[in-house]
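Shown next, in structure tokens, is the structure this report addresses.
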Amino acid sequence: MDNIKIGKYISYKRKQKGLTQKELGEMLLMSDKAVSKWERGISLPDISLLPELAKIFNITVDELLNGEDNTFTVNKEKNSLYIFKLTAKAYKQVLYFQLYSKKIWLYVINLLAFIFIFGGYALFSLQQYYSFHLDIIGLLIIVLGISLFFIPILLPIIKASFFKETEYQYTYDQENLTYIKDGRETCYKYSNFHHLYKSNDYCILINNSEKLFINLKDYKVISKFLTCPITNIISKKEKWITNSQIALTTLSILLLILELGYHIILKNLGFELIYAQLEYIIIITILLSTIICIIISKIKINLITTLSIITSSIIILITTWLISGNFVTQITYYSISPDFSSQLVLKQDKNTGKINDYHYTYLCFAKKTTSFNASSIKKISTRWLTNDCNYISYQKADGSSGIYIATYGDRSDGIAYYSVLNSLNGDWINKYDDEPRYHLMTKNNSITINNTETFSESEIEQFGTIAITLSKGSETRYIIALNSNCIIDDNGLIKHDGTIEIIPVFQVNVPATELFCTTYKKDDQVQQNINNQKRQEALDIVNEMHSLINNKEDYNNFKSRGDLFKIQTNSNDYIEITGLAYQKEQELGGDTGVIVDTNGTNLSIKAGTINDFYVEFSTKGSYRLHDNEEISEVSYSYRIIKSYDGYLIAKIGYRIPGNIGLVALSPTIEADISNNELFHHSSS
């Protein structure tokens with residue numbers, strides 16, 4: 001007897017009856033493991049069980065021992081029992097087949113996804129002009145668009161991950177295919193099938209809404225009986241081609257909508273493309289996408305063909321950009337702020353040099369707001385002072401340098417205009433010690449910097465509501481910008497903790513310096529914190545001086561710098577030592593381009609002894625730069641400590657208690673130094 005054949009027959013009959021191995025075992029008072037061994041051909045039922053087993057299956061014992069019904073043969077073309085197992089991998093392929101058989105829906109879904117993504121970004125970009133939470137709405141729409149885009153890709157994967165392997169049984173002969181499902185047989189004539197889809201491993205026969213799975217080897221037997229059309233299930237390569245066609249078609253439609261929207265709506269509102277060359281790029285991209293869609297549907301696609309298409313497209317687009325640049329009349333300068341919140345767009349006329357400043361950037365469009373004249377020579381440099389303030393340096397028609405400040409933000413409610421000059425009322429000093437030292441004092445509608453330069457209201461120009469320039473004659477000397485932490489209060493002043501940036505335009509490649517206000521605030525705790533900070537700075541200065549003096553080798557190797565320097569002298573005269581220190585400081589200062597002619601006015605020894613003392617003095621004179629001259633008085637403060645061969649001098653900054661650790665002199669030592677040559681300084 002053929003154990004395997006009998007086992008298959010028992011399995012077939014059990015499934016035909018809709019019984020599990022456990023249920024059949026219970027009916028025979030046997031275990032499900034015993035039934036499993038029968039069906040796998042490992043063993044046979046005991047002879048005493050055969051009548052009962054035949055009775056359950058409604059067959060004869062002979063049929064059971066023969067392993068077939070009396071009308072059943074093993075001829076494949078007539079009526080054998082076959083099993084098809086639908087795995088998760090095959091099921092996922094079926095799902096993709098169903099998806100890609102409805103291409104029109106894929107086109108619609110992808111188009112909607114891209115419209116949501118770009119539309120959401122468009123709303124997000126409008127937030128800088130309207131405060132209706134458009135950024136949140138835009139982000140939600142973008143997320144919806146991305147989700148919509150990935151649904152067709154992820155849905156089959158998710159469904160397949162939860163799919164359990166399913167087994168289908170069927171038999172066939174020359175006229176019919178009999179499908180066994182849930183223990184019931186259904187007979188289908190071959191003429192009833194209206195389509196067949198074929199993969200590398202299996203086939204799907206379509207009868208109305210029913211899908212019948214069979215093995216590929218069985219299809220080869222019954223194919224001569226089928227009259228329905230046959231289609232191959234989409235392969236990975238075909239899927240890639242379809243996806244590419246959908247993406248290219250969607251891109252073409254979106255670009256066409258963008259182009260039409262620009263000419264019909266945005267252009268009439270005064271918007272322009274940020275780069276004029278984009279007009280040509282959009283048109284060429286639409287044509288390229290259409291041509292590539294046709295090409296990939298007509299030719300055989302492989303890696304070489306794909307790379308050739310991509311490379312050719314890139315070359316065509318780059319060439320279009322370069323050639324179209326010769327036909328545009330303006331040069332575009334574009335920069336984006338470090339936090340991506342603001343965009344600088346400038347366009348300069350190639351012939352006249354006139355520069356247009358574009359604000360209200362929107363997608364790839366911008367609207368002109370301001371114009372200013374420049375040289376046709378394209379010498380323009382830009383620099384972000386804050387995330388919403390950019391200063392532009394350009395060359396004027398007469399060859400001199402010009403400064404323009406582009407601002408994109410506000411430090412108030414965005415409605416009322418306010419004076420930046422008035423908001424700066426008070427004294428401002430460095431926030432960080434490692435930056436260039438500044439002391440900025442604003443009062444009576446004027447600004448004084450380092451007690452050397454004073455700028456009246458007529459010499460101060462405001463740009464937007466966050467920046468000003470300080471000029472002497474036609475030359476811009478400084479730019480001051482309000483940082484984003486500045487908030488203007490009801491009195492038009494900058495609230496607590498607001499800081500500003502100052503940059504000297506007349507010095508090349510000098511970084512901006514951050515300053516904070518120390519005087520006009522009435523918060524006692526703020527003042528106490530500042531005093532504590534300045535006291536610590538004084539301690540650090542004195543400790544550094546003593547550390548150098550206590551180590552002779554370190555002292556000898558120390559190189560004088562702007563804020564700490566040494567002089568060689570045996571003098572024990574306060575005034576002479578201070579004068580020599582002043583001369584050394586001027587020597588270290590180098591040539592700044594400013595012509596100076598100053599003399600000392602008065603000097604005061606505040607504390608200490610000749611070995612360690614604190615002194616303050618002032619000078620007065622003229623400061624001239626080009627054709628601009630002004631008279632100014634400058635104050636100096638030194639901490640001077642005796643060393644091995646002279647004295648070590650520390651320059652004391654604004655509000656730092658230079659007399660720390662010293663006994664105050666009462667009365668102080670005062671001197672008139674107006675005729676002392678040591679306090680005279682002249683540069684030419």
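Keep in mind that glycine also has a Cβ here, set from the backbone N, Cα and C atoms.
Here the structure is a predicted model, which means the values were calculated and not measured.
The annotation domain 'HTH cro/C1-type' is assigned in TrEMBL to 10-64.
According to TrEMBL, the transmembrane segment annotation covers 104-124 (among others). Beyond the ends of the transmembrane segment (104-124), by six or more residues, the same chain brings 134-135, 137-146, 148-149, 151-152, 242, 246-247, 249-251, 253-254, 362-363 to within a C-beta distance below 8 angstroms of the stretch.
Taken from TrEMBL, the feature transmembrane segment covers 136-158 (among others). Beyond the transmembrane segment (136-158), the same-chain residues lying 6 or more positions past its ends with a Cβ under 8 Å from any Cβ of the stretch are 92, 95-96, 99, 106, 109-110, 112-127.
According to TrEMBL, the transmembrane segment annotation covers 246-265 (among others).
As annotated by TrEMBL, transmembrane segment applies to 277-296 (among others). Outside the transmembrane segment (277-296) by six or more residues, the chain places 241, 244-245, 248-249, 251-252, 255-256, 258-259, 309, 313, 316-317, 320-321, 324-325, 328, 364 with a CB less than 8 A from a CB of the stretch.
The transmembrane segment feature in TrEMBL is assigned to 303-323 (among others).
Nonlocal intrachain contacts for the transmembrane segment (303-323), taken as residues 6+ away from its ends with a CB within less than 8 angstroms of a stretch CB, comprise 277, 280-281, 284-285, 288, 292, 295-296. Tertiary neighbourhood of the transmembrane segment (246-265): same-chain residues 103, 106-107, 110-111, 114-115, 118, 271, 273, 282-283, 285-286, 289-290, 292-293, 363, 365, selected by CB-CB distance under 8 Å and a gap of 6+ residues from either end. On the 0 to 100 pLDDT scale, the domain 'HTH cro/C1-type' (10-64) averages 86 in the predicted structure. Taking H, G and I as helix, E and B as strand and the rest as coil, DSSP gives the domain 'HTH cro/C1-type' (10-64) the counts 37 helix, 0 strand, 18 coil.
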